[in-house]
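Notes for the one structure printed next.
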Amino acid sequence: MKWGRSKSNPRRRSDSSLDSKGDSEDGGLDPPPRKKSRTSIEATMQANGCSPQLQHKEKDEPITKGETQIKTEANGELERIFSKTDQDIVRLIGQHLKSIGLQQTADMLMKESGCRLDHPAAAKFRQHIMDGEWSKADNDLNELKPLLEKSSNSLSEMKFLILEQKYLEFLEDGRVLDALHVLREELTPLQHNTSRVHEISSFMMCGAPEELRTVAHWEGKGEVSRAHLMDQLQQFLPPSIMLPPRRLHALLSQAVELQKEKCPYHNTKIEDGIENISLLVDHRCSRKEFPCETIQVLNDHCDEVWYCRFSPDGLKLATGSKDTTVIIWDVDPDTLTCTHRKTLEGHSYGVAFLAWSPDGSHLIACGPEDCPELWLWNMETEELRVKLSHSPDDSLTSCSWHRDGTRFVTGGIRGQFYQCDLSGNVLDSWEGVRVNSLWCRSDGKSVLAADTHHRIRTYNFEDLSDANILLEDQPVVTFCVNDSDRLALLNVATQGVHLWDLEDRVLLRKFQGVTQGHFTIHSCFGGLNQDFIASGSEDHKVYVWHIKRERPIATLSGHTRTVNCVSWNPVYHKMMVSASDDCTVRIWAPADMLKQ
């Protein structure tokens, strides 16, 4: 016998069941739609600080993107469930409103959205901290213990911070015995941060509240110090329980900083934070604010200009030429133009390199490859202090100052490498090192030297040690190091400008565009945070890159022969200068400086 439905009672679809979506298992009419379970939805909302309270829309109101809606059985209204992102945004806005004193507005927002700003236990904990009810706050910690970030020290650290505040407040109130009880009976038994316990025990010797606040670096009893304590305690609570302090402000600050990092022409100081900028538009700097226009051409040299360098204070410019002179120029910080100050003469071989002392009081001038002498000028008296010529076979073509300004190193490709004092006395020497370029590290001991084997090596004059730092495929013609003493900028023969990380000893970037053969070309770091690279080129142009981009953000034309050197003003960051074989020095500044 076959099992099946009775032919006398065939299944039939009635007109009243046409709107149903499926047949029932027993062959009858579909049952009324059952109410959708909300257990999983409520759990999701509660995990993100929201209660399952739902808001209703009118039946014909359009559905907005990102909302989950459920049709109810009773009246057909649509219920709204906020997405996790919407819940987070509501909580962030609520926290910000509360922080600026709009408590009622924040409460209304939380009530209407169905979200809660903090977990009830966390909110109670915060209130007890702000009211200075330390015993109740300690009890609250036991409630919060299951919710703490997974760390064995979290609870102990939180208790320690609370007891430390309690101890300091007792001391400020003159309740020395109560403070001593906290120290002996509560803080010490925790056996946490023993060194800090010993430190704060000495605060009992303070004679007045003012002295206590100074010694403890503490704001004193009250709302300010308790709010600071609460900020520390919140670090141990997950954000689903209690939002980190000023979270919306932190997110907006991060967004602004990221926009600044991505802005190719950002060369303007903006105060830390977001108080002084508009959040209504993205941050973007214009090329018109960047040093891309020639605002002045200096024609005082009568032969190729080989080098240029600003003084550390940015108020002087020194240029060296094949015409055997060094010209010192005064910089006008308002117009970013230069005026002739003094010509330093007598460099019979020409001037191929210049180096200001860290305080700007002295200037060293070196010659080209066949020059055996070095000139040290006192820039306060504008007179020659000493002419160093250790041997007629020397070739002193490069130098660098130690940070203390009392010593410098110099060398050349014939195997000379000396350390000297301001009187020109040779303090130390390194035999057989053929030097193309030099740089003194910030530790006051180590010196980087580019040699004729395509290397940059470090030399320590104290323990007479040396080691390889990096190796290139072609000769390193010149190089310099940024203020952080970590990034090195190399001009490599036939290859161009390379950026190296000295700490990790890795090549970070090869900048594109520049034409570099075997001529001596000097590049530089520049801009407000040394975020830019500038270099001359054999194609008569000046190239400028953002330090994080390989392609140039500006290519500056104007010179008619090889550009030998570029220098960026270290103080007035909208000013740059270039020196060329066309016998001129060009001052580059923003376009609006032309109108002044």
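Keep in mind that glycine also has a Cβ here, set from the backbone N, Cα and C atoms.
Unlike curated records, TrEMBL annotations are generated automatically.
These figures come from a predicted structure and were not determined experimentally.
Annotated features, as they stand in TrEMBL:
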REGION    1-66  region 'Disordered'
COMPBIAS  1-11  compositional bias 'Basic residues'
COMPBIAS  12-24  compositional bias 'Basic and acidic residues'
COMPBIAS  40-54  compositional bias 'Polar residues'
COMPBIAS  55-66  compositional bias 'Basic and acidic residues'
DOMAIN    118-178  domain 'CTLH'
REPEAT    298-339  repeat 'WD'
REPEAT    344-375  repeat 'WD'
REPEAT    529-555  repeat 'WD'
REPEAT    556-588  repeat 'WD'
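If you look at the repeat 'WD' (344-375), the same-chain residues 6 or more away from its ends with a CB under 8 A from one of its CBs are 303, 306-313, 316, 318-328, 382, 384-385, 387-401, 403-405, 408, 410, 412-413, 422, 520.
Sorting the repeat 'WD' (556-588) by DSSP state (H, G, I as helix; E, B as strand; all else coil) yields 0 helix, 16 strand, 17 coil.
With DSSP classes pooled into helix, strand and coil, the tally for the repeat 'WD' (529-555) is 0 helix, 11 strand, 16 coil.
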